[in-house]
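Report on one structure; see the data block that follows.
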Amino acid sequence: MNFLEERITKDGIVKEGNVLKVDSFLNHQMDIRLFDQIGEEFKKRFEGTEINKILTIEASGIGIACVVARHFDVPVVFAKKSKSINIEGDVYVAEVESFTHKCKNQVIVSKKFINPEDKILIIDDFLANGCALQGLISIVKSAGASVEGIGIAVEKGFQTGGQVIRNLGYHLESLAIVDSMDAATGEIKFREQ
Ligand code: G4P
Ligand code: NA
Ligand code: NA
């Protein structure tokens, strides 16, 4: 097991409905030393890839992305979730459906902050169905920029997002891939990587 799988095993809590609670260290209270290790690991996994910007999505992607960005020495842009229908023309927009929250959000990034020459690393805390990720990819495409890589802390391997994104040819690195979890026993099985 790697450092993140070990931490999930120790402090993650399996809830009914295939929900993994990691709010004591990842997406509510945040363990900054763990985030720093995550940054170091992504820096290794994307060694040799030219990256000049990190893109993430609010809320819980932001903390991780900022610490990861220190390892790449690049700025972070986060996509904002917006419920408003009247969105001004100076932003890129993508529609993102949340299965967990059963709602649709528009996700926006100001056109000022993504340019055609940008080489982008997308960072997020979770990958489940991949809707958030598809939204971020579509924003990068709208800007004419390129997605050089995608770094995810926790992928739920039994949901479809990871496979879809890999089949599209993206370089996706997930530090922990959960293949199954059991709310009754608390057991979490990780994919061998
Ligand atoms: P998707 O983006 O991969 O399609 O995910 P989905 O709609 O299924 O998930 C909606 C939200 O729930 C996302 O956060 C996602 O990160 C989070 N999520 C999905 N599965 C789990 C899980 O097992 N445990 C935890 N802790 N989170 C999970 P969000 O609401 O869009 O963003 P945020 O404001 O929480 O960052
Ligand atoms: Na998230
Ligand atoms: Na989340």
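Glycine is treated like the rest: Cβ placed from N, Cα and C.
Just so you know, TrEMBL annotations never went through curation; they're auto-generated.
Of the residues Leu20, Leu34, TrEMBL puts just one in the xanthine site with Asn27, Lys156: Leu20. Same-chain residues that are not part of Ala128, Asn129, Gly130, Cys131, Ala132 yet have a Cβ within 8 Å of the Cβ center of the 5-phospho-alpha-D-ribose 1-diphosphate site turn out to be Ser98, Phe99, Leu127, Leu133, Gln134, Gln159, Gly161. Residues Gly12, Val19, Lys21, Val22, Leu26, Asp125, Phe126, Ala128, Val154, Val178 surround the recorded xanthine site, their Cβ atoms falling within 8 Å of the Cβ centroid of Leu20, Asn27, Lys156, which are themselves excluded. Comparing CA positions across the binding-site residues Leu20, Asn27, Lys156, the one lying closest to Cys131 (5-phospho-alpha-D-ribose 1-diphosphate binding site) turns out to be Lys156.
Long-range Cβ neighbours of Gly130 (5-phospho-alpha-D-ribose 1-diphosphate binding site) (same chain, at least 6 residues apart, Cβ-Cβ under 8 Å): Gln159, Thr160, Gly161, Gly162, Val164, Ile165. Proximity to Asn129 (5-phospho-alpha-D-ribose 1-diphosphate binding site), judged by a C-alpha distance within 10 Å, picks out Lys156 from the binding-site residues Leu20, Asn27, Lys156. On the 0 to 100 pLDDT scale, the domain 'Phosphoribosyltransferase' (41-154) averages 94 in the predicted structure.
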